Amino acid sequence: MSNFAIILAAGKGTRMKSDLPKVLHKVAGISMLEHVFRSVGAIQPEKTVTVVGHKAELVEEVLAGQTEFVTQSEQLGTGHAVMMTEPILEGLSGHTLVIAGDTPLITGESLKNLIDFHINHKNVATILTAETDNPFGYGRIVRNDNAEVLRIVEQKDATDFEKQIKEINTGTYVFDNERLFEALKNINTNNAQGEYYITDVIGIFRETGEKVGAYTLKDFDESLGVNDRVALATAESVMRRRINHKHMVNGVSFVNPEATYIDIDVEIAPEVQIEANVTLKGQTKIGAETVLTNGTYVVDSTIGAGAVITNSMIEESSVADGVTVGPYAHIRPNSSLGAQVHIGNFVEVKGSSIGENTKAGHLTYIGNCEVGSNVNFGAGTITVNYDGKNKYKTVIGDNVFVGSNSTIIAPVELGDNSLVGAGSTITKDVPADAIAIGRSRQINKDEYATRLPHHPKNQ
């Protein structure tokens, strides 16, 4: 039989105090909704339907082309949300997973186990449960003396006795699809919230003598539903521990994993060394035996093998094997550094390609440049690429030497093997093998200093 999935993502998330729909808040680099969608993929659903509501267009944009959408214009409870999927799923034979889009810690393995449990026990409904010493706020699982599930009771509707139950409802279920939509026609809003509860379906199945089961999570963390910023931070912390643990198992060394922040889609090769306070975001890839020191921040970039990045920022760029960057360097978007390049302290590279073995040791700005191999930039070199309205390109050939404190005003080209004298301002192309000196000739005025009031003769 087929599997189907319903993801509930219509809520506003008032307690988040945000204009962004709750399910779009990020955990480890991607939205909570994307985490849930990826985990749902473990059951290989034939159809996935996402229920949207508040700012539906933003939610649909995240999963565009990956799921069908239905709109819950008025949020009248979880049961009502599932009713919205009726035009797509009613009458189909199979098993339907219902899951909230604000549960980013649920794993695909647990959802697969839930489906298998449901099928193997021939249940009409199976509840994913968890156990906790602090069940306040959760729906409780009420069982009979034979440990069979009788019903789920919400916190506001629970008796004092029921509030003591430690087994809680995680808000994730599997149903026989056909029976689910039949039962939904019989639920009502006679409860403290005045809403249609999906949990009332469980009571209907019990009344008709149908089999209802519960599969208990091994890890309570997976049950976390994020309703505010506190829970969001908790989810971030748990996810970060999972991610770092995975990388350590795969051969990556962490000095302090609790102070290292790695997004879920980052790829890291074995033998990489990561110091504390390193952040790796987005689609970043790190090659083998690279060292990332304290304070390094990398976004959507590829770093090759054997590189050393020291307390620097790299954004949307590529760094080849054996490159050294930093400390305090900034590689801005759309830059590429060839093999064995050295970018030293207080150097900024922006929108530039730099050939192998080129060095910019300190206090240099390289913007909108095409730089060849074996180039040396002296301290204080500035490429001037902006005239207040337009940006221009500088082309520097192979084996060029740029003396310290030089200013290169684009558009300009420095030919292969050329040399720029220290302190020069370059405004014209420099031919290959030429020396360019663009500064005033030094003039010494003998004895002139004796006329100045601060000279010792005038004290």
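Numbering starts at 1 and runs along the chain as displayed.
Each Cβ is built from the backbone N, Cα and C atoms, and glycine gets one as well.
Of the listed candidates (Ala379, Ala432), Swiss-Prot assigns Ala379 to the same acetyl-CoA site as Asn385, Tyr386, Ser404, Ala422, Arg439. The binding-site residues shown are Lys22, Arg332, Arg439; of these, the one with its CA atom nearest the CA of Asp102 (Mg(2+) binding site) is Lys22. Rounded to a whole number, the distance between the Cα atoms of Ala10 (UDP-N-acetyl-alpha-D-glucosamine binding site) and Ser404 (acetyl-CoA binding site) is 60 Å. By a simple count of nearby Cβ atoms, those within 10 Å, the most crowded of the binding-site residues Lys22, Arg439 is Lys22.
Taking CA atoms as the reference points, Ala422 (acetyl-CoA binding site) and His362 (active site, proton acceptor) are 15 Å apart. Cα to Cα, Tyr386 (acetyl-CoA binding site) and Tyr365 (UDP-N-acetyl-alpha-D-glucosamine binding site) are separated by 12 Å.
Counting residue by residue with DSSP, the region 'Linker' (230-250) contains 20 helix, 0 strand, 1 coil. A straight line from the CA of Ala10 (UDP-N-acetyl-alpha-D-glucosamine binding site) to the CA of Asn227 (Mg(2+) binding site) spans 13 Å. Predicted-model confidence for the region 'Linker' (230-250) is 98, expressed as mean pLDDT.
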